[in-house]
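Trainee: Structure incoming, see below.
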Amino acid sequence: MTKLTFVAFDGTRFDVEAENGSTVMENAIRNAVPGIEAECGGACACATCHVYVDEEWTETVGEPEAMEEDMLDFAYDVRPNSRLSCQIKVRDELDGLVVQVPERQG
Amino acid sequence: MSSIKTDVLIVGAGPVGLFAVFELGLFDMKCHLVDILDRPGGQCTELYPEKPIYDIPAWPSISAQGLVDKLMEQIAPFKPEFSFNRMVSSLERLEDGSFRATTDENEVIEAKVVVIAAGGGSFQPKRPPIPGIEAYEGTSVFYSVRRMEEFRGHDLVIVGGGDSALDWTLNLQPVAKSVTLVHRRPEFRAAPDSVNKMFALQELKELDFQVGQVTGLTGTDGQLNSATIKGPDGEVEVACTRMLPFFGLTMKLGPIAEWGINLHENLIPVDTEKFETSTPGIFAIGDINSYPGKLKLILSGFHEAALMAQAAKRIVSPGERIVFQYTTSSTSLQKKLGVAG
């Protein structure tokens, strides 16, 4: 199991155990992290599972692909460390990953 | 304007609305479908056409668009009629118990039965995340261009990176006093040809392109004066008396809320025998309905369509005996499907 931490907009931390191969978004939904809406259910079609990847993790997590970049156009307050959490797959290297939930989704 | 007359009006042409045509068609009911999108398929076509769906019976994997294409093929024998780019804005009950629907383009459709298969609601332009934008909507901020003249002589800011944003940047550039296109990055989703044309006009200083996000608006009484754009090099203030944001589509329940049907948390409660709403003669199937145990699956919507059709038939042809038949063996059903031997 891989450990993930979601930091909600009010600062509340959610430490969760995630299965490799699942998406970061799925783990947020399973653990009822507030502020992750995931309206489209993970189809990379809505930009409502937007997160900020903690600065020290951006390199390990990697850059969004073109389709995800296109979708990020619809998100609120997009920053260089913005990602759609439905497009990040959990794997061993991400053990300890911290992501922040933005003020609002779109 | 003459009205369209049909047996069943279906609101929404997503997969469930389309399959309802089949089930209703087997009972000789003619259908007219209205959808706000410009083609059939609803969310399947609009949100994820290329994504495979794995839980359609007998299709281990089928793309969302593939499913819609197959449904269109399956219902073709029943010759359904469609009104695309339309939303049913009002629905009234006539004295004889039938319904009269009016679309946002003032088309009138009269039907004996109404089936709401509107999924998550109608697709409408998404409000961009700009603080205070509501105060300018309809006066300075518009989500579509109805008349180009409304932009003549204005300092226009267009926000977005897709085809709508680029097309209107190019089309309104000769009309507006100034055009500033704002997009959060220098790459675009729009057709490369439009992007090249835009950059060429920027070279000639005929328009301005700013990389960034609009973070604030100033103005009074709904009239915009300027917009703040936050880019990689800090904030700039640009003149802005008209704004066109293109931030994609979102789903909203829309006018359905005003049709006098009981709603619960933006869903329509129905019974599980007929999938009828609180108003007799109006049915709701697919993602938009709710009942104990409801699952928002296309599969469930298909089941709901089949049961609904039985009840609809009793309204459309009162007193007629309903005979349950299989398409595999019934020659009369096969005749309707155009496959009789």
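Heads up, the Cβ atoms here are built off N, Cα and C, so glycines get one too.
Relevant sequence annotations retrieved from TrEMBL are reproduced here:
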DOMAIN    B:7-292  domain 'FAD/NAD(P)-binding'
BINDING   B:ASP35, B:GLN43, B:TYR48, B:VAL88, B:PHE123, B:ASP287, B:THR328  FAD binding site
Trainee: Sorted by position, what residues of the same chain at least six away from B:VAL88 (FAD binding site) have a C-beta under 8 A from it?
Mentor: B:LEU9, B:VAL11, B:VAL34, B:ALA101, B:THR102, B:THR103, B:ILE109, B:PRO255
Trainee: Can you work out the mean pLDDT of the predicted model over the domain 'FAD/NAD(P)-binding' (B:7-292)?
Mentor: 94
Trainee: Tally every other Cβ atom lying within 10 Å of the Cβ atom of B:ASP35 (FAD binding site).
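Mentor: Counting Cβ neighbours of B:ASP35 (FAD binding site) within 10 Å gives 27.
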Trainee: For B:ASP287 (FAD binding site), just count the other CB atoms lying within 10 A of its CB, please.
Mentor: 25
Trainee: Let me know the DSSP-derived helix, strand or coil state of B:ASP287 (FAD binding site), please.
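Mentor: Going by the DSSP assignment, B:ASP287 (FAD binding site) falls within a helical segment, counted as helix.
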Trainee: What does DSSP say about B:VAL88 (FAD binding site): helix, strand or coil?
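Mentor: Assignment for B:VAL88 (FAD binding site) reads strand.
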Trainee: As a test of the contact definition, list every same-chain residue at least 6 positions from B:PHE123 (FAD binding site) whose Cβ is closer than 8 Å to its Cβ.
Mentor: B:ILE36, B:LEU37, B:GLU46, B:LEU249, B:THR250, B:MET251
Trainee: Among the binding-site residues B:GLN43, B:THR328, point out the residue whose Cβ has the most other Cβ atoms within 10 Å, with all shown protein chains included in the count.
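Mentor: The most densely surrounded of these binding-site residues is B:GLN43.
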Trainee: Among the binding-site residues B:TYR48, B:VAL88, B:ASP287, B:THR328, which sit with their Cβ under 8 Å from a Cβ of chain A?
Mentor: B:TYR48
Trainee: Counting only residues 6+ apart in the same chain, whose Cβ is under 8 Å from the Cβ of B:TYR48 (FAD binding site)?
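Mentor: Set apart from B:TYR48 (FAD binding site) by at least 6 residues yet with Cβ under 8 Å, we have B:ALA64.
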